[in-house]
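According to TrEMBL, the domain 'PTS EIIB type-1' annotation covers 1-57. Marked as domain 'PTS EIIC type-1' by TrEMBL: 75-463. The feature transmembrane segment is assigned by TrEMBL to 80-101, 125-146, 153-176, 196-220, 240-265, 277-299, 311-338, 350-370, 377-410, 430-451.
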Amino acid sequence: MRFEIKDLDKIKEKEIKSHSWCKGIINAPGEYQVVIGADVIEFYNQFQPLYSGDINFEVKNNQIKQGNWFSRALRTVSRIFAPIVTVLIAYGLISTIRALGTIDFTGNNGSLAGSVEFFNQFDSILKVLIDGLTLFITVGVAYTTFKAFNCNGLFGLALGVVLTSPALTAMGAVTPDKGQNIIDVMPGWNLFNSTVFYPWKISFAGLIIPMIGVAIFGAYMEKWTNNIKNGTAKMLLQPLLVILTTYLVAIFIIAPIGLLMTNYISIAIKWATTQSVAKFIFTPILAACYGPMVILGLHRTVTPILFQDQALYQGTILIGFIIINNISQGVACLAMNYQHRKVKNVSEVAIPSGLAAIVGGISEPVLFGVNFKYLYPLLAASIGTLVGTILITAAGVFGVVGSAGIFGIISMAQQPPTEIGIQTWAGGGIVWETIGVLVMVPVTFISTIILGQTKYFKTRTAQIFEADWGIINEETRIEEIKPVKTNNKVIKKYIKEKNKYEQISKRLFMRRSGCCQPNWRRLRCWW
């Protein structure tokens, strides 16, 4: 429970600490925190009727300004993603279930969905659900971003729905032909009556970070329009200015910048992963950056290349490192959970998200729910992906675009087509992709543990734990069981002797023996 206290001298701290429900007290800058633990919701429900002041879950403007920029950024990121974590977990688990039904075990459309009509229809039902959840998450972050800046969340909902409209085209939905790029095939408006279509009809569906950027701009637009003094004018102008201006900025500036970046990154990726020498340098680097690219939405630059390669060569060399990256993200998440296994709040998010990434190849829940939030699992996953990709690049692994999780290993080809210009080492793609994963797993796990022990990330993680769940000391879930440690030998000796004579006193109490009295005097003297 967090309180804004006007006069700290009136706080009866000793009396508060004497209650069993109090696990600790933090007098942080700007707020007085009473740590309740897992029963905080029940405590709040009992506390609310007794309190006549202003109880509001929303953080006030003056609270956001408190603390340094780092703590403010942590609070903002937490407030944006915390409300949608449960949806991300459901999204990952459902995607994993669907992925299990679409795995091609035979290489000849031998998946359950491809060979059994019932599973084919059930797969289409799950696809509708997953596509809907993808839209919801994109729209949801627009809403939570507005709320994080203490603005009207309905503006965020409106902008999120508009920018994911079916009238717009997702960047991953375009498939350039050979010799074309994304700009050539992306539909747009012929606003200036020329051969160049501008702006492009770009959907923000699945583009989480760009949508957050749009929402932040909209939130500041709302704050600016709050300066309108006339109530009637404000009621009429504020929705118009916030929604229209933010939409136009998104369509004319933010989306085109994203498309241009997508186009040129796609061209660079195509060259860097096929050139005989460059592929050994750039493919591992690209693989290491793939996790951050998913966070920024830039992984969609790879999608057109995947589909183009699939159409031309019945496979691609990119799918190998995508599988390794997704598994690595899941391993890093589970390693982070192992490192903080005493914090149940972490396990509730990390375990399902990590398994979804490993089994289903769905990395968004694990990235936004854990790895990006705590940062060091993301870095460790990049290190592991880099090492694994170096091996599979040298081995010439080539595979069919399918499952991006651990079951995608079986979609690796024995040998790539001759026009690709690479040769897979003896054993074939499945063997070397498996070896690449086996090499990556310990590297990622150990890197996560090592990075998590560094002073910077230990401090950062502790701050996030405290901000999200009020956890001060994860070893005991807030200093409630573990005795105080001390290096004072005299006090240690006192405690040892005291325990010893307490046991003697219990045996001799009925006899009213005074044999312990000199020792107790001596102990008091030591103290």
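Glycine too: its Cβ is placed from the backbone N, Cα and C atoms.
Computed from a predicted structure; not experimentally measured.
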Same-chain residues at least 6 beyond the ends of the transmembrane segment (277-299) whose Cβ lies under 8 Å from its Cβ atoms:
206-210, 258, 261-262, 265, 269, 271, 317, 321-322, 324-325, 328-329, 363-364, 367-368, 371-372, 378, 381-383, 385-386, 388-390, 393-394
Near the transmembrane segment (196-220), which residues from the same chain, at least 6 beyond its ends, have a CB less than 8 A from one of its CBs?
80, 134-135, 137-138, 141-142, 145-146, 149, 151, 155-156, 159-160, 163-165, 167-172, 183, 186-190, 242-243, 246, 249-252, 254-256, 258-259, 295-297, 300, 364, 368
What same-chain residues lie close to the transmembrane segment (125-146): Cβ under 8 Å, and 6 or more beyond its ends?
79-84, 87-88, 90-91, 94-95, 97-98, 101, 152-157, 159-161, 163-164, 204-208, 211-212, 214-216, 218-219, 222, 364
Grab the same-chain neighbours of the transmembrane segment (153-176) for me: Cβ-Cβ under 8 Å, and only residues 6 or more beyond its ends, written as numbers and ranges.
135, 138-147, 182, 184-187, 200-207, 211, 214-215, 218-219, 222, 239, 242-243, 246-247, 250, 258-259, 262, 300-301, 303-304, 307-308, 311
Can you tell me which of 80-101, 240-265, 311-338, 350-370 gets the most C-beta pairs within less than 8 Å of the transmembrane segment (377-410)?
311-338
Annotated stretches the transmembrane segment (80-101) and the transmembrane segment (430-451) touching (3 or more Cβ pairs under 8 Å):
no
Would you mind listing the long-range same-chain contacts of the transmembrane segment (240-265), meaning Cβ under 8 Å and 6+ residues beyond its ends?
155, 158-159, 162-163, 171, 181-183, 186, 198-200, 202, 204, 207, 210, 213-214, 217-218, 221-222, 225, 297-298, 300-301
Overall pLDDT for the domain 'PTS EIIB type-1' (1-57), taken as the rounded mean:
72
